[in-house]
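These come from TrEMBL:
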type     : residues  : note
DOMAIN   : A:74-277  : domain 'ABC transmembrane type-1'
TRANSMEM : A:7-34    : transmembrane segment
TRANSMEM : A:70-97   : transmembrane segment
TRANSMEM : A:109-132 : transmembrane segment
TRANSMEM : A:152-179 : transmembrane segment
TRANSMEM : A:204-225 : transmembrane segment
TRANSMEM : A:258-279 : transmembrane segment
Amino acid sequence: MRRGFRFWGLVPAWVLMAVTLLAPLVIVALVSVAKRGAYGGFEWDFTLAPYRDILFTAGWSDELEFDPKYVLIIGRTVLLALITTAICMALALPVAYVIATRGPRAKALLIYLVTLPFWVSMIVRVYAWLIILGNDGFGGRLWQFLGGEGSLLFTPTAMLIGMVYSYIPLMVLPVFAAIEKLDPALLEAGADLYASRWTTARRVIVPLAWPGLAAGAILVFVPALGTVLEPMLLGGGKQITMGTLIQTQFGSARNWPFGAAIALVLMALVMGVLIVNALRAGHKREAEA
Amino acid sequence: MTRGKAVEVFKVSKSFGDYQALKEVSFTIHENEFFTLLGPSGCGKTTLLRMIAGFDIPSTGSISLFGTEIGTLPPHKRRVNTVFQSYALFPHMTLEQNIAFGLENLGWDKARRKARVAEMLELVHMTPFAKRKPAQLSGGQRQRIALARALAPEPQVLLLDEPLSALDLKLRQAMRDELRTLQRQTGITFIFVTHDQDEALDMSDRICVLGEGRIQQLGTPSEIYEEPENRFVADFIGATNFLDVEVLSVDGPRARVRTPMGIEIEAAQKGVSGPGKATLSLRPEKIGIEDQAAGEIIAGTVTARNYMGGFTHYTVETRGAVLRVSRRNALSQAESYAIGQQVRLGIVAGSARVLGQ
Ligand SMILES: Nc1ncnc2c1ncn2[C@@H]1O[C@H](COP(=O)(O)OP(=O)(O)OP(=O)(O)O)[C@@H](O)[C@H]1O
Ligand SMILES: [Mg+2]
């Protein structure tokens, strides 16, 4: 009876997973080893050509030449995600600290404000930045005022600003949770033992908020790897990332198998990060036990 | 003996919004003194300590440390260390690192730090645990490390906020003795906060009794217990019988009063200026019973008896008043008195205290 329930009770979840996660994944995997169709789409015909195309191009006489073009795009995407994560960490720490040390009412309000952007469509919000960072927008004016060259919009900087904006709430929340759990007496103990505010932050707050920062880093880094909107709208499509690359392959380039292959590489990267993180967390727990 | 002034608190008041937690508190703590702030919950002990540490700033008044005004100096610029009630050990650091933290911030070089950490671990008998983290310690051990960490930077004054309240009874007694020894060994001025009168009487050189945001009395443990200056102190420290009495005459520090039991006694007084109403405080253990009865004798009936091990408390109804009397249990139980038994009580002049109302 209990066994039966344990099995049948989970059936809806299994079905949901199979339909929404497993099936599309299998389809993408199949497409990535198929032949490119003449007018988009694909034809059934097993080939590893899409994967080969990531690293090589066919030269004049069909001999393969190493072409770093896509490797550079992958590298750039990873770098962009890393920089975004680092900036989010640096900004979220003081923000989370300030929120965590307010009174209960102010705290609730500030947390609500942090999560507020989630209620508005991502596309709308990124479009808003298009206006802000434009030559007549506040950000664009500030850029010129600070002596920035040319226009800010459609530069890597603009793209980065958009990405930090999009993902920073995912960093603030876990860091806030970690700092809020701190005993305020620990900070007083720091000051009592002759540590300046800066030293207390560096030697007490950051190490103790580290689990929150690590969780936030995963939450930011993973979606930042696959980001499409910011490079497309704010980077003006000039900054190709894995996300935009996939999008173009399925869209204008009409090379579905290649797009699917890149998508799987992206997924492998994400899985890699998650697995390394899980292993490290496991090790740490073992070391502490 | 003349001693330097370690801490001078001068007319310090502290308000939180409309609530005045401390009202013009002034006192001086001497060098090398074990000074206790004693009072009921919410009387402002922690508030006062936090202002000396620098976590709070007085609303008005000034605080000096060895002659230097420190009222608005941030905590990390005061040569004062705190043992927190929750210990507040840094959970991500080993015990060694915890103790070295203050020394690093003071810029001590590595060799000196190492020697001092070893010395401190030795002092609190925790040397074998140097590499452990705070989570791997018992409450008593954490307490010792908190103490070692606060003493390591050689503070001019050590502040302790109810450091024993989280420990069990046995350990608390042992730590009392250890703290007292440590204070003598190091010669550092201790300011100790507690709401436990036994702790205060046992450990302190002087006690400052705080109540309702004011100093109620400041004196040695025996002065506080034997010569309470007002009803609050007599009531808070130890147990006592309060009797409404009529003052017949006042002669300087002494007064003659008529008690509700009918007898007249003469006792030391405080705050009484002339004939009128007053309160008489009569400690239960200072009333003699049967063979110990001396001085003015009154008769009464035992109405309740509480056996406490070392002592037995009796409630005795006399004509005019109900008195609590306690008697040390001697070799045999033979002198124990039953409920309903008629007993003689004796009150010696000088064992009571007349307090103004
Ligand atoms: N930050 C604050 N804001 C408002 N009121 C406060 C604050 N800190 C203390 N109080 C009030 O001031 C009074 C004294 O508090 P304090 O913590 O000094 O008491 P205490 O004597 O240490 O008591 P306990 O023995 O319970 O620790 C209390 O009535 C308390 O409610
Ligand atoms: Mg307190």
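Yeah, the Cβs are placed from backbone N, Cα and C, and that goes for glycine too.
Please treat TrEMBL annotations as automatic predictions, because they have not gone through curation.
Tertiary neighbourhood of the transmembrane segment (A:152-179): same-chain residues 80, 83-85, 87-89, 91-93, 95-97, 99-100, 111, 114-115, 117-118, 122, 125-126, 129-130, 133-135, 139-140, 143, 205, 208-213, 215-217, 219-220, 223-224, 227, 229-231, 233-236, 238-239, selected by CB-CB distance under 8 Å and a gap of 6+ residues from either end. Residues 77-78, 80-82, 84-85, 88-89, 92-93, 96-97, 163, 167-168, 170-179, 182, 186-187, 189-190, 195, 242-243, 266, 269-270, 273-274, 277 of the same chain lie 6 or more positions beyond the ends of the transmembrane segment (A:204-225) yet place their CB under 8 Å from a CB of it. Sequence-distant contacts of the transmembrane segment (A:7-34) (same chain, six or more residues past either end, CB-CB distance under 8 Å): 42-48, 50-51, 256-257, 260-261, 263-264.
Within the chain, the transmembrane segment (A:109-132) has long-range Cβ neighbours (under 8 A, six or more residues past its boundaries) at 95, 98-99, 102, 138-140, 153, 158, 161-162, 165-166, 169, 172-173, 176, 229-230, 233-234. The list of residues near the transmembrane segment (A:70-97) in space but at least 6 beyond its ends in sequence, with Cβ under 8 angstroms from a Cβ of it, reads 53-55, 114, 156, 159-160, 163-164, 167-168, 170-172, 175-176, 178-179, 201, 205-206, 209, 212-213, 216-217, 220-221, 224-225, 227, 239-243, 245, 262, 265, 269.
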